[in-house]
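What Swiss-Prot says about this protein:
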- GLY10, ALA11, GLY12, LYS13, GLY14, THR15, ARG123, VAL132, TYR133, GLY201: ATP binding site (BINDING)
- THR31, ARG36, GLY57, LEU58, VAL59, GLY85, PHE86, PRO87, ARG88, GLN92, ARG156, ARG167: AMP binding site (BINDING)
- 30-59: region 'NMP' (REGION)
- 122-159: region 'LID' (REGION)
Amino acid sequence: MRVILLGAPGAGKGTQARFITEKFGIPQISTGDMLRAAVKAGSPLGQQVKGVMDSGGLVSDDIIIALIKERITEADCAKGFLFDGFPRTIPQAEALKDAGVTIDHVVEIAVDDEEIVSRIAGRRVHPASGRVYHTEHNPPKVAGKDDVTGEELIQREDDKEETVRHRLSVYHSQTKPLVDFYQKLSAAEGTPKYHSIAGVGSVEQITAKVLSALS
């Protein structure tokens, strides 16, 4: 079971990734974790990565693909893997295909932009305890105050509407074209199978749809 999970920030990918990896006994592979592990291991590739990162550069697709090919030969990938946050661009998707890395399923968690903005921009946090509220879906008893201490709740910078909209526009320009790429590939070659799952409803309902698509 080799899976690529796509979806905008705030679409609920992290939650679904956890269910998929537990259900199928496969690791979740994120490029960030992989790059950090390579640097820590000090392998020749890792040293290359460290050089690029230390100089503030972006790690090239060639290096990332080489790391992925290395990573998926490890024992925990015997039953497959789930790519999280990769590929992000068409050149990365093409490089993955050219490298002979086969993918069984591409799952897109599709959620309307306005729904994502409402989900994220409505979050309020109590900094001291980490308690999270939502102005609509899980409001505090007194608006703007923590239920336990009565202290002020804050909105994190990352959760502000303009930040969320900026991240969504980056997603649409960079990653959304991957949806078309994999839809066309699926239609032409029959693999990977492409599934668009509506990421609305309860977590359980979305998980049921995702697992049914993968089974």
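A Cβ is built for glycine as well, from the same backbone N, Cα and C atoms used for every other residue.
Location within the structure of each feature annotated in Swiss-Prot.
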residue: GLY10; record: ATP binding site; DSSP class: coil
residue: THR31; record: AMP binding site; DSSP class: helix
residue: GLY57; record: AMP binding site; DSSP class: coil
residue: ARG88; record: AMP binding site; DSSP class: coil
residue: ARG123; record: ATP binding site; DSSP class: strand
residue: TYR133; record: ATP binding site; DSSP class: strand
residue: ARG156; record: AMP binding site; DSSP class: coil
Under 8 Å by Cβ from THR31 (AMP binding site), counting only residues of that chain that are 6 or more apart: ILE64, LEU67, ILE68, GLY85, PHE86
Euclidean distance between Cα atoms of ARG156 (AMP binding site) and GLY10 (ATP binding site), Å: 14
Minimum Cα separation from VAL59 (AMP binding site), reported as the residue among binding-site residues GLY12, GLY14, ARG123, TYR133 that achieves it: GLY14
Binding-site residues compared (GLY10, GLY12, GLY14, GLY57) - highest count of Cβ atoms within 10 Å: GLY10
In the chain carrying ARG123 (ATP binding site), residues 6 or more apart in sequence that have Cβ under 8 angstroms from it: VAL132, TYR133, HIS134, GLN155, ARG156, ASP159
Entry from the binding-site residues list ARG88, ARG156 having the most other CB atoms no farther than 10 A: ARG88
ARG88 (AMP binding site) and GLY14 (ATP binding site), distance between Cα atoms, whole Å: 16
For AMP: widest Cα to Cα gap among THR31, ARG36, GLY57, LEU58, VAL59, GLY85, PHE86, PRO87, ARG88, GLN92, ARG156, ARG167 in Å: 32
Site extent for ATP (largest Cα pair distance over GLY10, ALA11, GLY12, LYS13, GLY14, THR15, ARG123, VAL132, TYR133, GLY201, Å): 20
GLY12 (ATP binding site) and GLY57 (AMP binding site), Cα-Cα, nearest whole angstrom: 30
ARG88 (AMP binding site) to GLY12 (ATP binding site) - Cα separation in whole Å: 17
